Amino acid sequence: MTDAVVDGKLEAVKQATKYVKETENVAEKYSAMTVSKNSDMNMNVGELQSAAFTAVPTLKPIKKVRSKAQSTPRQSLASSISASYSDSSDDETSPRDKAQANSKGSSDFCVKNVKQAEFGRREIEIAEQGVESPLSGIYFLASAVFASTVLIETLVALGAQCRWTACNIYSTQNEVAAALAETGVPVFAWKGESEDDFWWCIDRCVNKEGWQPNMILDDGGDLTHWVYKKYPSVFKKAQGIVEESVTGVHRLYQLSKAGKLCVPAMNVNDSVTKQKFDNLYCCRESILDGLKRTTDVMFGGKQVVVCGYGEVGKGCCSALKAMGAIVCITEIDPIWRHFTLLKICIYLYFLQYNSGGRNDMDGFRVVKLNEVIRQMDIVITCTGNKNVVTRDQLDRIKNGCIVCNMGHSNTEIDVASLRSPELTWERVRSQVDHVIWPDGKRIILLAEGRLLNLSCSTVPTFVLSITATTQALALIELFNAPEGRYKQDVYLLPKKMDEYVASLHMPNFDAHLTELSDEQAKYMGLNKNGPFKPNYYRY
């Protein structure tokens, strides 16, 4: 064994021993802190819940365990966690009132705490995926969830210049935002923004002297709305808008119909990969995650109504039924109603004639919300519309009912009507409120009616990879398209691109597609390389 190898192993042993000692120091100080806090246990339930998560941040002495060796770019996990949490959200100072700068001296951002950058970098590494496409020369304005941070860095790596803000006041991961700010991306977002903060962040994102975007990437339409309202001159040089939400797409179609759409827009929301993976499969998992994290509810035997039976609604219904909940739906579309009623008929047929009394067919009652509101334990909206659950219905809802939204818009539940003098709001934990009526009845409102899975849980990184790839390809298509290909209208993502996004992710499943022979392709009238379905095909 060479001297170099021996020296290397000795150094590794020293580092490991040092890490163990540091960890022990942190544990001892944390233990001492919790003992000293035991005398201050006269707190309510909400404070106790908060204390369970903010105990480590309040430990100022933890900073002392950081040594000179830990100031290197790659710190130990223990030290990076303590560094992250020692300046966490217990600081109530608004980020707008802080003077912050990253290690390069730039202050063109506004996040909760830029010192959390290293911990955020570890989170980004977990989610990283790559997209290989030329984006040099594109200047982005973007509004999206921070789970899509890898998309930002991919765009930057490919040559784009981005300015970024959040589409939801609760969706930002502060550590991740700090990591982006540290790399030089102008980010304006933090978790728990007020309404005023939200629009201020969008304005700071757009209003940069000497900087002109030529593409807009939006999620919900708020960024596009603000640019139209305050900075219409941006559209003189903009080449397109890419929108990924049903609410934002609806707004774009309204602009197009009124003849006010100034640039081509790409509707990513209705691409097949987005509909199936982000809307159906993602919501099938994240609805349970969000409800469990916030309420610890047991689903078995619960009466649940899901408002809207699109892809999001179907995902929610499937997950809740699998957990033993009794699910019914509301729907305006007669096609979906007919489809669901047909399944119910099959369900009843099997109940009657199957000797075992069992069936494996889906079947959900289609109801009007007014008919069932008094019996429901959980009410979930996923329509993208407004006033789906009204104040009158909330007045008649049963005591202890959980009310939440899985659609994009925050107007589905009439939360504004609940902010009235006769009702009391009681914060139970982060993004969980009791709204209490004068007679003592209370409902459990999640995320103040905003999007549950972005506000209260997480989204699978695989799903985000698919959505981010779709968005990137849409941006490239609009930016590189020859003049005249796209007019001032809303377009669906070309089917060929949709299939390409799906094919890029096939290796994750170890899936192997069958290839058409020349004879088979000629018989079907298809190109061997796709597209394999026409645009009107419904999967």
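Glycine is treated like the rest: Cβ placed from N, Cα and C.
Those TrEMBL annotations? Automatic predictions, nothing curated.
Features reported for this protein in TrEMBL:
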type     : residues                                                       : note
REGION   : 64-105                                                         : region 'Disordered'
COMPBIAS : 76-87                                                          : compositional bias 'Low complexity'
DOMAIN   : 279-459                                                        : domain 'S-adenosyl-L-homocysteine hydrolase NAD binding'
BINDING  : Gly310, Glu311, Val312, Gly313, Lys314, Gly315, Glu331, Asn453 : NAD(+) binding site
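Applying an 8 A CB threshold to same-chain residues 6+ apart, the list for Gly315 (NAD(+) binding site) reads Asn279, Leu280, Tyr281, Cys282, Cys283, Arg284, Ile287. The maximal spread of the NAD(+) binding site, taken as the longest Cα to Cα distance among Gly310, Glu311, Val312, Gly313, Lys314, Gly315, Glu331, Asn453, is 22 Å. Counting only same-chain residues six or more apart in sequence, the Cβ atoms lying under 8 angstroms from the Cβ of Asn453 (NAD(+) binding site) belong to Cys282, Cys283, Ser286, Ile287, Asp289, Gly290, Met406, Val459. Neighbour counts of Cβ atoms within 10 Å were compared across the binding-site residues Gly310, Gly313; the minimum falls on Gly310. Summarising the environment of Glu311 (NAD(+) binding site), the number of other Cβ atoms within 10 Å of its Cβ, over all protein chains shown, is 22. For Val312 (NAD(+) binding site), the Cβ neighbour count at a 10 Å cut-off comes to 28, with all displayed protein chains included.
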